[in-house]
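Report on one structure; see the data block that follows.
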Amino acid sequence: MSSNQSYVFYRQELNKTLWEVPDRYQNLTPVGSGAYGSVCSSFDTRTALRIAVKKLSRPFQSIIHAKRTYRELRLLKHMKHENVIGLLDVFSPAKSFEEFNDVYLVTHLMGADLNNIVKCQKLTDDHVQFLIYQILRGLKYIHSAGIIHRDLKPSNLAVNEDCELKILDFGLARHTDEEMTGYVATRWYRAPEIMLNWMHYNQTVDIWSVGCIMAELLTGRTLFPGTDHIDQLKLILRLVGTPEPELLQKISSEAARNYIQSLPYMPKMNFEDVFLGANPQAVDLLEKMLVLDTDKRITAAEALAHSYFAQYHDPDDEPIAEPYDQSFESRELDIEEWKRLTYEEVTCFVPPPLDSEEMES
């Protein structure tokens, strides 16, 4: 919005929400809405790209909302990688800080997500290699910035017709207990240590999710479709076996330790039997991802070098991110201060250069 002064805005009501956007963005069509905002597809007349415009819902309603708005903008501005959604534009119709109440974010419009792909077709092993390689390539970048996704699942992975993939909605997920309750996909892909508050978690929570997604791509079935937290844990332990004493000692929650010790002993299943007919290298990688002990779980960078990705792995083309300053996370500010920081981020935004091979869906 650094060039906000050159924007001419127009107004349109969509689904009882007033949208006020620059006239370069035409044909606004609602495509979805959630707790944090609503999204329209649109045509960018300057770049001839189909884009997504997200209007944040009540961005400065409370301190929590205001900090989340600032966090989302900071994260999106930082991400500059082929396999991660990035920011094409950010704007507000406000002409001054005093008028500043609405924030609109512009990203690529992604056609389908991995959920659609899995439902529609049986994937070949080559497809699985390429898709999982791209997820890990994006994760290596995100993790190198010190960011954890926390909510990787098929619906957060956008894919176009050429099988090119981008990771969406990262780093924002701080789900409430309510959202994690019952038969919900939000939890099926969650690492046990984060789902059950076992201990301080690290970036490999995302690797557990990739393992769950990869298993689903190979078999066409959800790996751990638990009906609740306890059922989910039982499904996990049935596959990977009862935790070793060494791991139990690392679980800081005494209640969790006692509960696990009360369960009957379960041996680890043979992954080759579970994933019968799958590429042996795929099975080997799954065994390294679906490890209960986070200290022993493979990292994104290590996984990229696994033999399963031999035809795609290129150490010179798996970039890492610039350092990302997250010191704001520990700051205690009021709404006006978060709003001021957000306003500064909006006004100093510089659009990315247009890539000749822009990813369209």
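Glycine is treated like the rest: Cβ placed from N, Cα and C.
Annotated ATP binding in Swiss-Prot involves Val31, Gly32, Ser33, Gly34, Ala35, Tyr36, Gly37, Ser38, Val39 plus, out of the candidates Lys16, Lys54, the residue Lys54. Restricting the average to the domain 'Protein kinase' (25-309) gives a pLDDT of 91. Spacing of Gly37 (ATP binding site) relative to Asp151 (active site, proton acceptor) is 18 Å (Cα to Cα, whole number).
Taking the binding-site residues Val31, Ala35 in turn, the residue surrounded by the fewest other Cβ atoms inside 10 Å of its Cβ turns out to be Ala35. Across the structure, Ser33 (ATP binding site) and Asp151 (active site, proton acceptor) place their CA atoms 18 angstrom apart. Rounded to a whole number, the distance between the Cα atoms of Ala35 (ATP binding site) and Asp151 (active site, proton acceptor) is 16 Å.
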